[in-house]
Amino acid sequence: MSIPASLTQARAAATSALSNPAFQDSPFANMSTKEFNVTAYTLNSSQRGCYRVGALPIALGTNDTCALGFHCPKSSNEFPPQYCHPTEECAVMRASRRTCDPQGTLEPKVCANGFYCPPGGKQQLPCPKGTFCPSGSFEPFNCTYAAICPAKSVRQLNVLPLYLTVIIDLTFVFVVIIIFCVQRRRRNRSAKSTTPVPEERSQTILLQTPGSPGTATPGRTQSPSISSAGSSDSSRPPSTNPSTNPRRANARVDHYDGYADDDNVSTLYDEDVENELQNSPNMQRFIRSMSKAVETSCIGLSFDFENLSFCAKGGKKILTDITGTMPRGSCWGIMGGSGAGKSTFVNVLMGKTHATNGTIKINGHRQDMSKYKKLIGYVPQDDIVFPELTVRENILHSAHARLPQKWRDREIQEHVDSLIASLQLTHVQHSRVGDATRPVISGGQRKRVNIGMELAAAPMAIFLDEPTSGLDATSAASIMKLLRAISRLGVTTIAIVHQPRERIFQGFDQVLLLAEGRSVYSGPTEAVQTYFEGLGYAFPQKANPADALIDIITGDGAEYCMSATKCEQGEVGFLIEAWKAGSQYMKTQNKHLSLASTQSEKSRRISNQSLNSTAEQEEALRRTMKLRGASWLAQVYYCWKRAATQQLRNQVSFLFEIGVGGLAGMIIGLSAFASNGHLFQGLYHQPFTLLSSAIDYNSTPQIGLLGAMAIGLAASAPGFWVFGEEKLMYWRETASGHSRSAYYVGKLLSTFLRIALSSWHFTVFLGVLATPLISFQEMYAANLMYFWCIYGLASIVSMLVKREDGPLLAVLASLIIGVLGGVAPPLAKVKSWHMEWFWRLSPGVWFTEAYFSQNVLPMKYLYITDLAAKSTGYTLGQYGMDIAMLFSIGVVYRLIAYLGLILMNRDKQR
Ligand SMILES: Nc1ncnc2c1ncn2[C@@H]1O[C@H](COP(=O)(O)OP(=O)(O)OP(=O)(O)O)[C@@H](O)[C@H]1O
Ligand SMILES: [Mg+2]
């Protein structure tokens with residue numbers, strides 16, 4: 001038969017009592033066992049013994065020492081506090097972390113919930129109003145301002161943060177409404193003010209030749225100067241007829257170096273452009289402000305490429321031996337069938353994709369294109385815009401970030417105004433751009449925004465990948481005229497076009513035709529028809545020659561072939577071979593055309609002479625580049641402002657994130673609600689350790705674990721989207737010379753508000769429901785820092801994985817670091833594996849430790865907290881260090897993310 005546990009315990013207690021020095025000094029020390037038992041029975045019925053029959057009291061001291069937080073009403077120096085073996089009921093209560101009534105007359109009791117027992121332990125007083133007294137209090141804890149703490153409170157209901165939350169939320173909503181109204185008013189006002197004023201129409205710009213008033217020394221390389229003819233010509237009525245307009249007669253462009261002549265002849269297309277300029281004050285304003293930005297008067301950018309080839313990774317040849325020259329200020333059209341290699345060619349030429357073979361020269365020197373990225377614009381084939389921003393905001397950001405530093409805001413606004421008007425976007429300038437899933441403006445309008453973002457930066461060379469696709473004929477023609485006009489300023493313009501209309505086709509000085517990644521023609525537009533006719537093709541009289549050309553170069557030109565031996569039924573291979581054989585001849589022809597013709601302005605434009613820049617010209621370019629672009633701080637500000645605007649526009653996800661934060665805090669708070677704020681219980685200090693109930697070292701770390709997981713779930717997906725959603729835009733901007741660090745810092749700053757608000761809501765609800773001993777400020781700081789870490793971690797994930805996989809992986813990563821919080825497996829166990837360093841790399845440990853430390857230390861006077869620390873593995877009393885480490889880990893995560901941003905996909909940032 002087994003011995004009952006209670007008997008065993010009683011024996012153990014008796015043995016312990018006998019060996020207790022306090023007992024040995026007592027009157028019972030010399031008793032025989034029989035006498036002792038009789039005495040024990042006797043004592044049970046006396047006023048100073050144990051209530052349990054047969055239980056032997058154990059003296060807890062030699063005098064009336066009542067530990068802090070205990071109530072010892074009957075003990076005295078003569079009869080010190082005693083411990084009595086508990087009854088089964090009491091044992092059960094203690095084993096379930098509760099306390100039971102004293103088991104003997106002299107047994108102390110821990111001060112009851114809602115009461116405090118001043119030192120000495122003779123009194124147990126009710127906790128006054130405005131304070132709270134958890135079990136074992138020796139003095140009341142003061143409640144914070146406005147907390148709900150009626151008399152006999154066990155915990156404080158800190159509702160002040162809740163009130164503040166309501167105020168913050170209402171203020172936030174109010175501010176959003178105010179901003180919305182102000183923006184709307186401003187939009188309406190600016191919509192009115194952007195209507196062109198009639199007087200502006202009398203302002204006309206002249207594209208002047210060297211030698212005309214206001215230009216530099218004749219005969220020297222000179223960019224077109226643009227001036228207002230307003231003062232001399234304003235008295236004359238504006239004429240739209242080019243032949244009768246005296247200003248048009250004077251309108252001249254100097255494009256190519258050293259070919260100054262006196263002819264006043266314009267091509268048909270230039271007449272169109274001129275007319276457009278005459279009739280569009282906005283375009284005039286834009287061209288004028290472009291000319292101000294493209295300020296190097298003696299140089300632009302010209303490109304020479306020779307035998308340019310590109311093989312894809314598998315060895316597939318995409319481009320083969322493309323050779324040509326794109327002089328400064330020329331307007332090039334690149335045409336070819338789909339998949340002919342047009343985009344690849346532009347990417348290789350711009351250095352975005354490394355050529356497998358061949359050379360590229362800029363201004364006659366072999367140099368890296370990325371050196372000039374501040375001066376080069378690139379309009380990608382796919383629209384890359386910020387859907388949440390308005391048309392104007394998208395274009396304005398580009399202008400702010402990339403125009404010369406010395407431009408004042410007013411000038412930039414005017415530049416953007418005129419550009420928007422030139423792109424015929426004024427009526428939608430305050431509409432959000434939207435995207436394919438939520439279109440707000442049309443696809444064609446989005447295309448124009450895309451172009452506007454590059455033109456706003458006033459580049460010296462611009463590459464456009466299908467700028468007119470998706471546009472109606474009028475819009476496409478208008479864009480083409482704008483491009484043509486800026487090319488007349490000396491801006492080298494290279495546009496890929498798909499089946500252009502005849503007028504657009506004629507707008508190019510030169511065309512490069514590609515088929516199967518090879519040149520089939522590269523030269524003057526006006527000579528292309530003659531060239532193909534020489535190969536045996538006949539162009540229909542009234543049809544668009546560009547259509548016929550596309551048919552021919554895509555191998556579908558048999559119907560145009562007049563000579564079976566020459567055209568070989570439209571084989572593309574024939575065209576390639578023919579161009580290889582004849583390209584030298586064409587070069588000579590071009591030179592001949594440009595040198596021989598002094599009659600035609602167009603013939604000057606088709607010069608194949610590229611510039612071989614001098615050291616002074618290179619210096620001028622360098623100076624211009626230095627002045628280009630906003631300062632780093634200004635870029636940070638613009639990026640921050642843009643990101644903040646994006647977030648405000650995405651109110652739903654912004655509010656959702658904050659709401660999820662609050663909800664997570666509420667759920668975890670509810671799980672701890674029943675504990676009445678009693679989230680830690682240890683062993684009482686000696687000599688009252690025997691009176692201890694079961695320990696509870698887990699509740700607080702569990703709150704930390706749950707909190708870490710909840711924050712991970714709430715913040716990792718939004719944290720991922722900070723960078724994950726707009727990599728294309730980032731690559732585009734970096735390639736155009738934006739500061740990467742400014743972009744990153746701007747984005748980072750924009751997350752502060754949402755991190756602060758989310759963690760605030762999380763903390764408020766957790767605090768109100770769980771009422772832990774850790775103060776609200778300390779809890780908020782820990783939560784804030786953990787949110788900070790999760791956002792940092794999600795940023796790393798966003799650099800590493802595709803957007804589709806990102807949120808899931810970010811959540812997973814945050815769960816992993818949460819689990820590495822030292823709760824399960826316990827940190828103490830981890831220490832025994834010598835793996836603590838690894839756990840300490842995770843913010844979860846520092847976060848949980850901060851919670852544990854601040855919940856335990858207020859009760860240090862009552863419990864053996866060192867034992868709790870040893871048992872759990874956490875270090876107590878280093879809250880400051882915990883928070884500092886959380887902050888540092890967040891910083892390290894961001895540094896890693898930044899490195900990922902700049903080091904991954906480097907080719908796309910060129
Ligand atoms: N990095 C690459 N790896 C493999 N193939 C590639 C790569 N880049 C381009 N290509 C292939 O090269 C060909 C030319 O592509 P490119 O995008 O330059 O065509 P495109 O002339 O611009 O066509 P579109 O008019 O349809 O835009 C395509 O068949 C494309 O699949
Ligand atoms: Mg393409």
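Cβ coordinates are placed from backbone N, Cα and C, and glycine is handled just like the others.
The shown structure was predicted, so the numbers you read here are calculated from the model rather than taken from an experiment.
What TrEMBL records for this protein:
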COMPBIAS  203-222  compositional bias 'Polar residues'
COMPBIAS  223-243  compositional bias 'Low complexity'
DOMAIN    303-541  domain 'ABC transporter'
REGION    189-258  region 'Disordered'
TRANSMEM  160-182  transmembrane segment
TRANSMEM  652-674  transmembrane segment
TRANSMEM  703-723  transmembrane segment
TRANSMEM  744-774  transmembrane segment
TRANSMEM  780-801  transmembrane segment
TRANSMEM  808-828  transmembrane segment
TRANSMEM  883-904  transmembrane segment
- Which of 160-182, 652-674, 744-774, 780-801, 883-904 shares the most C-beta pairs under 8 angstroms with the transmembrane segment (808-828)? 780-801
- Note on the structure: The answer for the transmembrane segment (652-674), taking Cβ pairs under 8 Å and residues 6+ beyond its ends, is 699, 703, 706-707, 710-711, 713-715, 718, 721, 754, 757-770, 772, 787
- Message: Given a Cβ distance threshold of under 8 angstroms, which distant residues of the chain, six or more beyond its ends, lie next to the transmembrane segment (703-723)?
- Response: 643, 653, 657, 660-661, 664-665, 667-668, 671-672, 679, 730, 747, 750-751, 754-755, 758-759, 762, 766, 770, 772, 783, 786-787, 790-795, 797-799, 806-807, 810-811, 813-815, 817-819, 821, 823-824, 843-844, 847-852, 897, 901
- Query: Residues sitting near the transmembrane segment (780-801): Cβ under 8 Å, six or more positions beyond its termini, same chain?
  - Reply: 661, 707-708, 711-712, 715-724, 751, 755-756, 758-760, 762-763, 766, 774, 809-810, 813-814, 817, 843, 847, 850-851, 882-883, 886-887, 889-894, 896-897, 900-901, 904
- Task: Quick one: average pLDDT across the domain 'ABC transporter' (303-541), no decimals.
- Result: 90
